[in-house]
Every structure is written in C-alpha cells, then in structure tokens.
Amino acid sequence: MRLGAGTFAACCVAIEVLGIAVFLRGFFPAPVRSSAGTEHGAEPPAPEPSAGASSNWTTLPPPLFGKVVIVLIDALRDDFVFGSKGVKFMPYTTYLVEKGASHSFVAEAKPPTVTMPRIKALMTGSLPGFVDVLRNLNSPALLEDSVIRQAKAAGKRIIFYGDETWVKLFPKHFVEYDGTTSFFVSDYTEVDNNVTRHLDKVLKRGDWDMLILHYLGLDHIGHISGPSSPLIGRKLSEMDSVLMKIHTSLLSKEREVALPSLLVLCGDHGMSETGSHGASSMEEVNTPLILISSAFERKPGDVRHPTRVQQTDVAATLAIALGLPIPKDSVGSLLFPVVEGKPMREQLRFLHLNTVQLSKLLQENVPSYEKDPGFEQFKMSERLHGNWIRLYLEEKQSEVLLNLGSKVLRQYLDALKTLSLSLSTQVAQYDMYSMMVGTVVVLEVLTLLLLSVPQALHRKAELEVPLSSPGFSLLFYLVILVLSAIHVIVCTSAESSCYFCGLSWLAAGGVMVLASALLCVIVSVLTNVLVGGKPRRKNPVHPSSRWSELDLLILLGTVGHVLSLGASSFVEEEHQTWYFLVNTLCLALSQETYRNYFLGDDSEPQCGLHVEQGLDGVATAWQGGPGCDVLERGKGHGSPPPSEVLHGSEKWMVLASPWLILACCRLLRSLNQTGVQWAHRPDLGHWLTSSDHKAELSVLAAVSLLVVFVLVQRGCSPVSKAALALGLLGVYCYRAAIGSVRFPWQQDSKDISKGITEARFVYVFVLGILFTGTKDLLKAQVVPADFRIKTVGLWEIHSGLVLLAALLFRPHNLPVLAFSLLIQTLMTKFIWRPLRHDAAEVTVMHYWFGQAFFYFQGNSNNIATVDISAGFVGLDTYVEIPAVFLTAFGTYAGPLLWASHLVHFLSSETHSSSALSHACFCYAMICSIPVSTYIVLVTSLRYHLFIWSVFSPKLLYEGMHLLITAAVCVFFTAMDQTRLTQS
C-alpha cells in the first residue's frame with residue numbers, strides 16, 4: 001500500500017497517542033488500599049490489649065466533640081496565617097493561635113497540589129494517585145472509605161456549602177448542601193458570598209453534627225493576580241470575620257450541650273509565587289491547620305508553636321474526634337495534642353486503635369510486613385499496653401503505673417510515625433503489563449519512522465507500506481498467536497488489578513493486532529533496506545556531499561535534549577536546554593550568513609538529508625548543490641546565488657538578523673523566571689504585574705498589540721485587517737475591564753468587571769477571521785490556478801490564532817507574542833528565503849523556536865504554571881469543553897503558532913510538491929523521539945525519589961504535547977491533500 005509521507009506520519013502519531021495513553025494508564029498507579037472494601041460494612045473495633053486480665057473496653061470510644069465545623073480555605077498558604085499577612089489581615093485568628101484554646105500545625109500536602117486529591121487526602125487519610133490531577137476537572141464519586149462515609153453510616157447529619165467537588169465526591173452524603181463551581185476563577189466574590197449567606201441560619205440551628213465550608217475566593221484571586229495582589233489582604237480579612245462569627249456562635253451554644261465543639265481551619269494546598277498550584281514547592285505544599293476548641297485549655301504563658309504534620313493525619317484525628325472508625329485506607333497518624341488532656345487509659349486506647357488500623361493496612365500491602373520496623377514497634381507497644389492494663393486494673397494509682405504508661409505512650413507514637421512513613425512509601429503499585437504494552441507500541445512507531453526516513457524524504461514523499469505480501473501475512477498471524485498467549489498467561493496469573501486485562505477482548509485484541517502489524521511492517525521495511533544496500537554501491541555519494549554545521553547542530557541538539565531528560569535537574573530546568581539550543585542555532589545561522597554574504601561564497605548553500613530512489617533500491621546521501629533544494633521556487637538549477645540577489649542594506653540585514661533574534665530571546669528570558677531553581681527570583685513580569693506599575697504595563701501591552709497588528713496585517717485581506725484591528729482593540733478593552741491595564745482617562749479601579757462582553761466581542765472577530773481563512777482554502781480547491789488565495793487563507797488562519805492568543809495571554813506576556821511574530825518575520829525574510837534551507841531544516845527550526853516560546857510564556861514542567869484563568873475568558877459559567885480548549889491553547893500557544901506559521905511558509909514560499917509532506921514527517925519524528933525515549937527513562941526511574949514531583953508532571957506534558965502534534969500533523973496532511981487536489 002502506497003501512502004504519502006504526511007499521511008503516513010499522521011497515522012504513526014495517532015497510533016503513538018494510543019500507545020502512550022495505555023502507558024499512562026498503567027504508569028499512574030493505584031495507591032495502597034485496604035482489601036476490606038466499604039461494601040462489607042464496619043468491622044468491629046480492636047479490643048483493648050490485656051495480659052491475663054479481662055477488659056471491658058471492646059467498643060469504639062465515645063466522641064470527644066459534639067459538633068465539628070471545618071472551614072477549608074482553598075489555596076491558604078501557611079504564611080498567610082502564621083506570617084506577617086496573618087498578623088495584619090487575620091487578627092482574630094492570630095489571637096487564637098497565639099493565646100486562645102487551639103492547636104496549630106503546618107500540614108504538608110503531597111503533590112499533586114490540586115483540590116480534588118487534597119480533599120481525598122483530608123477525608124480518607126490516603127495518598128491519592130498522581131493521575132487524580134486529571135480527574136480534578138470532573139471528579140467521580142469517591143468509593144474509598146472516608147470520614148464522611150463513616151459519619152453518614154453512624155447517623156451523623158452533615159451539611160456542606162462551597163466547592164461542588166465535595167458534592168461530586170460524596171453524593172447523597174449531605175442532608176443539605178449548596179455547591180459552587182470551582183473552575184470559574186474570574187469570580188472571587190460571589191463564590192464566597194454563596195457560602196457565607198447560609199451561616200446565620202445554619203449556626204442558629206442545632207440539627208446537624210458536621211458543617212463543612214469550602215471557600216474558593218482566595219484561590220481564584222491567586223490565579224488571577226498572584227499572592228502579592230492587594231485583593232489577597234481583603235479576602236483574608238473576610239475569612240477572619242467568618243471564622244470569628246463561627247467561633248463565637250459555637251462558644252455561645254456550648255453552655256447548652258454536654259460536649260464541646262471543634263472548629264477546624266485548614267487549606268487544601270498552598271499557592272506558588274505566580275498564584276497557581278499543582279507542584280511541590282514549599283509555598284504550594286505547606287498549609288495551615290488550626291484546631292480550635294474550648295477543650296484545649298491553655299495556661300497563661302503557654303506558647304505553642306506550629307508543628308509540622310502530614311495532611312493525611314486529619315482523617316484519623318477527625319474520626320477519633322467524632323467517635324468513628326478510622327478510614328481503612330488512611331496512612332495518617334492521630335494528632336496527639338487533641339487527646340493529650342484525656343486520662344492515660346483513653347490516650348492509649350486512641351493510639352492503639354490507630355496503630356491497629358495502620359498495621360492491618362501494612363499487612364495487606366507489604367508481603368514482608370513482619371520485618372517492617374513499624375510493625376515490630378507496634379507489637380512491642382501492644383505487649384507493653386497489655387501489661388499496663390493489667391497493672392491498671394490491679395491498682396489505679398502508682399508511680400510505676402504512670403512511668404509505664406508514659407513509656408507505652410512514647411512507644412505507640414514512635415510506632416505510628418514509622419508505620420505511617422512505611423505506608424507512605426508504598427504508594428506505587430505499577431501496572432507493568434499495561435506499561436509494557438504502551439511502551440512496545442510507542443517504540444514500534446518510532447522505529448518505523450526512523451526506518452522510513454529514506455523514502456519519506458525522497459522527492460516523491462511516498463512510502464510503500466507492505467501489508468499484503470505472503471511473508472507479511474504469515475508473520476502477522478504468528479505474532480498474533482504469541483501475543484494472545486502472553487495476554488492470557490499474564491491476565492490469568494496477575495495478582496493485582498491490570499487495566500489492559502480489564503479491557504474487553506475486542507479492545508485488547510485490536511491493540512494486539514495493531515502491535516503485530518507494526519512489527520511486521522518494521523521487519524518488511526528493514527528487509528528491504530538490507531536487501532537494497534548492495535546496489536547503493538553503484539551510486540556513490542556525491543563527491544561534494546558533507547554534513548553542514550546546521551545539520552550537525554540539529555542532530556547533536558536532538559540527541560543532547562533526549563539524554564538530558566534522564567536527569568531530574570535537567571527536567572526541572574528544561575527551559576535552559578531550549579534557550580541554549582535556540583541561541584546556538586542563531587550563532588550557526590550567523591556563521592552561515594557570514595560565509596555566504598561577507599566572504600562572497602557564491603556556491604549554493606548546503607542541503608540537508610537528501611534521498612534518491614533508484615531502480616534497484618534506495619540510496620541515501622547528504623548532498624549539496626541546487627538540485628537538492630526542497631524550497632526551490634521554480635527558478636531552476638541556474639538560479640543566482642544569494643550574494644547576487646541581495647544588495648546593500650538587505651545584505652546587512654541578513655547578517656544582522658541572527659543577532660537581532662539573539663537579542664529578542666535575551667529580553668524574553670528576563671520576562672518570566674521559570675523552572676524550579678530560579679523561579680523565586682524577581683523578573684520583569686513580577687515588576688510589571690505589581691499594582692505600582694500598572695501604567696507601565698498598560699503602555700507595554702498597547703505597544704505590543706500595535707506591533708502584533710503591524711506584523712500580522714501584511715498578509716491579510718482588507719476585511720480581515722479591519723477585524724484584526726478591532727479584535728486587538730477589544731483585547732485591550734477586556735484587560736482594562738478586568739483591571740489589569742487601564743486607559744489614560746481611567747483614574748481608579750471602581751469600574752472593574754469580569755469583561756465578559758469585551759471578551760466575547762473579540763471571540764466574534766477570531767471566529768470571523770478563521771471563517772474567512774477557511775473559506776479561502778476551500779475556494780483554492782475550486783480555483784487551483786490562483787495560488788495566492790490559498791496563501792492568504794493560511795495566513796488568515798494564522799492571524800486568527802494570533803488574535804486568540806493575544807486575548808488569552810496575560811498583559812505582561814503580550815511582548816512574548818509580539819517578539820514571536822517579529823522573529824518569524826526576520827527568519828522568513830532574511831534567513832529562510834535567502835539561504836533556501838530545505839523543508840526538514842525549516843521544520844526543525846520552527847519546532848525548536850516553538851518549544852523555546854513555550855517556556856518564554858512562563859510555562860515549565862510543573863503543573864503549577866498552567867494558567868487556568870485563560871480557560872474562563874469570556875465565560876460567565878463553567879463550561880467544560882470550551883474551558884479545557886482555551887486552557888490548552890493558552891498553554892501551548894507558542895508551539896501552535898510556530899506550527900501554523902510553518903504550514904503557511906512552506907505553502908507560500910515553495911512550489912515543491914513534497915515540502916508539506918516532508919515537514920509533516922519531520923515534525924512527527926522530532927516530536928516522537930523525546931516522547932518515546934522519555935517513557936523508557938521513566939519506566940527505569942519509576943522508583944526514583946523525584947518520580948512524582950518531577951518526572952510524572954513532565955510525562956503528562958509529553959502526552960499532551962504528543963496529542964497536539966497529532967493535531968498539527970492532521971492539519972499538515974489536510975493542506976497537503978489540498979495541494980494534491982490543486983495539482
């Protein structure tokens with residue numbers, strides 16, 4: 001079967017997306033779980049240990065508190081409460097921390113620091129899997145054991161107001177609830193007012209046992225303007241008044257009830273210096289945890305400093321506080337200060353219940369649990385506890401009894417700490433079979449792409465895919481039988497759950513057929529290459545053929561980048577790799593222009609990989625000369641060399657262009673500090689976004705939008721030019737409406753709104769420009785002779801995407817967009833046109849610059865740098881599909897805009913029939929190499945210390961990047977088919 005190189009590459013990337021999806025499903029493991037499912041009901045509590053004496057404590061202890069109120073403030077950092085901001089904006093909370101009846105902690109949240117996994121950790125005590133970051137957008141019902149489930153089973157009445165994630169996680173658990181949308185980050189006022197408006201009514205009532213309030217406003221402010229925004233202080237003051245209202249109401253009601261109340265103030269995660277979250281920086285993982293109750297008596301002068309605990313400790317503490325069983329999957333420890341005021345026997349009883357629960361979980365998840373230090377400490381503590389009970393029943397008071405009780409207490413606390421640590425390190429139960437299936441498919445695709453290079457880069461850009469030969473059929477059926485046998489053996493002998501084994505036979509069989517077909521194609525192509533190697537000697541390589549400096553840079557840069565992915569520091573600071581490669585590329589281009597123009601080298605520039613198809617086989621050579629120029633614009637082999645085409649100022653502009661591009665890249669590096677090591681350092685972006693420099697930001701945004709218009713309008717039709725101008729004006733009006741910038745006549749920020757009307761005004765022009773471009777492309781198929789129609793149509797599509805990016809970018813990032821267009825213009829006019837690089841080299845350069853601009857935007861391999869506020873521009877409610885699309889486009893705008901420019905450039909600058917096919921194939925291959933290599937590296941590093949904080953987020957980024965690559969390849973193929981229709 002004969003396929004075009006572009007179509008073949010698009011199919012390969014689509015198959016690779018399937019392979020990496022299977023790999024990701026196996027890689028992100030299921031956390032440790034108790035084998036006793038929740039459907040079996042509550043198990044009887046462990047009896048109190050005894051040594052020869054009988055104890056009547058065989059039931060759960062009674063609750064310590066009558067009512068529990070949980071106030072969860074989303075993105076509440078520990079320094080917002082315990083630092084200077086807490087003293088300034090939360091005076092009542094600060095008083096309770098320093099002098100009131102309370103216990104304060106700094107609770108560490110494990111990555112991923114996003115809301116849904118953190119709620120699971122708080123209520124179940126377990127460590128959620130990293131894949132929960134994907135489920136955060138649409139949370140499924142939580143089937144694990146939790147404090148909420150146990151409270152409902154015990155007849156507790158629970159009321160909830162706030163983030164609707166709780167309602168999705170715990171459906172039918174609340175007797176009363178009012179959920180608010182958590183993803184509409186533009187709203188930070190109404191989203192909290194909808195919670196507070198219920199307080200007066202519910203606090204007067206006594207028909208509830210547990211009240212949960214989840215406030216989202218602080219998190220939304222962080223996403224919009226960061227932790228340094230003046231809005232943060234106002235929101236903290238608002239939360240302090242809410243806490244005071246709840247606390248005073250609980251204190252006034254305690255005189256009427258037997259048990260005291262417990263008020264819990266906590267955060268689900270912190271907030272990075274950019275206002276986002278999801279990664280593992282100190283600002284994101286450290287959250288305050290304050291337990292407030294009249295039961296926590298404090299003597300005058302008693303200073304209690306916040307101690308560090310784990311967020312998973314909250315579930316066990318709440319269970320004990322409410323007299324409930326500890327959730328079966330909890331890996332947390334009881335916060336001992338909560339019960340230290342109780343009699344010794346009760347303290348030991350609480351600690352024993354916690355250690356029994358953890359030891360059972362250890363037994364179910366660790367085969368060699370008996371050798372675990374925590375289990376040994378637990379057994380020793382239980383024996384000492386039994387001796388203490390026997391002594392206690394014989395004599396109620398004695399010094400020996402007190403000393404032995406203190407010893408047992410310390411032993412239990414040590415056992416709890418060790419058991420919790422052991423279970424926390426057992427979070428990874430990888431689905432190796434699914435990982436292997438995905439890895440095999442991805443590596444097969446990469447191998448096939450590499451073997452297909454000679455045919456794909458031939459002038460005809462066509463490949464012969466051998467799918468019907470007898471040898472192919474025989475090998476195919478043999479491989480199918482072998483894979484089916486392996487599948488049956490693995491799935492019938494697997495001790496743990498396996499995703500691939502859980503698939504239907506039709507789906508699993510389809511993947512096996514695909515893997516078999518790929519293997520057979522690889523064998524056939526490899527056979528043809530080996531057989532065709534002998535005739536190649538009859539066609540020796542051109543005497544002048546050699547590797548150019550640019551070819552060597554591309555090869556070494558690609559290999560170096562792939563090798564760097566095996567080190568955690570290089571993954572964290574990957575932006576430095578791309579900055580280095582782009583800068584080196586500019587120096588190589590400078591050297592090439594200097595040789596061609598300044599030294600008067602009239603020879604044709606060296607060409608890249610060139611493949612010729614002979615009658616007897618395939619011959620591959622790196623050749624120079626005019627015949628290998630893929631971008632030849634119909635001038636023939638006798639076209640004049642570059643030095644004869646350009647004169648005077650144009651020649652000097654060609655020489656200066658690489659240095660101008662270098663200067664632009666250096667300016668962009670200072671705009672956004674990214675990565676990990678230097679992300680905390682001040683940059684130009686922080687300076688511009690501060691409230692004191694709004695005038696400077698406004699001028700910069702206006703100038704950037706003007707530059708964008710000047711650079712983009714040159715290729716548009718008159719109608720699209722007008723739409724572009726009005727759209728860019730609407731972008732500035734939108735940013736002025738939400739208070740990011742201001743017009744000269746604006747004196748204050750009283751007229752701040754959500755900017756919905758202004759944003760939708762821009763969307764109209766974006767859709768209009770895209771529609772005009774699409775219409776021109778369709779018209780080009782009807783009128784194939786008019787080549788200019790297609791060129792204008794492609795540029796208008798590029799312009800529409802530029803306008804959309806301008807709307808989604810934050811104002812301080814608009815220079816990134818302007819510089820991107822400026823560099824594209826310089827490269828097109830003064831480098832690619834005069835030097836006539838081939839399609840492969842132009843494609844790799846576009847790819848490199850696209851990756852560099854991904855990081856110039858302020859992105860990194862941390863989830864925290866994803867700007868989700870872009871997903872809500874122009875939306876008044878949360879709509880999942882548009883929000884996900886806008887967020888993805890805003891994040892990957894750099895690579896997408898460079899890819900769309902590549903399509904336009906190759907379509908307009910060459911009449912070659914194979915340029916787009918070559919570009920599609922090269923783009924697919926240059927994207928597949930790091931993805932394929934990375935999943936092999938991640939598999940080998942799956943027990944690395946930084947697997948979840950560094951390598952896993954990068955794996956998600958690579959998966960998303962591959963999906964975008966598939967979309968780009970489909971666009972390439974569509975344009976190539978349009979070219980074929982015209983020809």
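Glycine residues also receive a Cβ, built from the backbone N, Cα and C atoms like all the rest.
Residues 955-975 are the range that TrEMBL records as transmembrane segment, among 10-30, 955-975. For the transmembrane segment (724-741), the list of distant contacts is 186, 224, 694, 697-698, 701-702, 705-706, 708-709, 712-713, 716, 749, 751-755, 757-759, 761-762, 765-766, 769, 799, 803, 806-807, 810-811, 873: same-chain residues at least six beyond its ends, Cβ to Cβ under 8 Å. Using the rule of three or more Cβ pairs under 8 Å, pairs at least 6 apart in sequence, the transmembrane segment (552-571) is in contact with the transmembrane segment (920-943). By the Cβ criterion (distance under 8 Å, sequence gap of 6 or more), the transmembrane segment (790-808) is counted as touching the transmembrane segment (695-712), at least 3 such pairs being found. Counting only same-chain residues 6+ beyond the ends of the transmembrane segment (432-451), those with a CB under 8 A from a CB of the stretch are 9, 12-13, 15-16, 18-27, 490-491, 494, 498-501, 511, 514-515, 518-519, 521-522, 525-526, 529, 921, 924-925, 928-929, 931-932, 935-936, 939. Counting Cβ pairs under 8 Å that are 6 or more residues apart, the transmembrane segment (955-975) and the transmembrane segment (878-899) reach 3 or more and are in contact.
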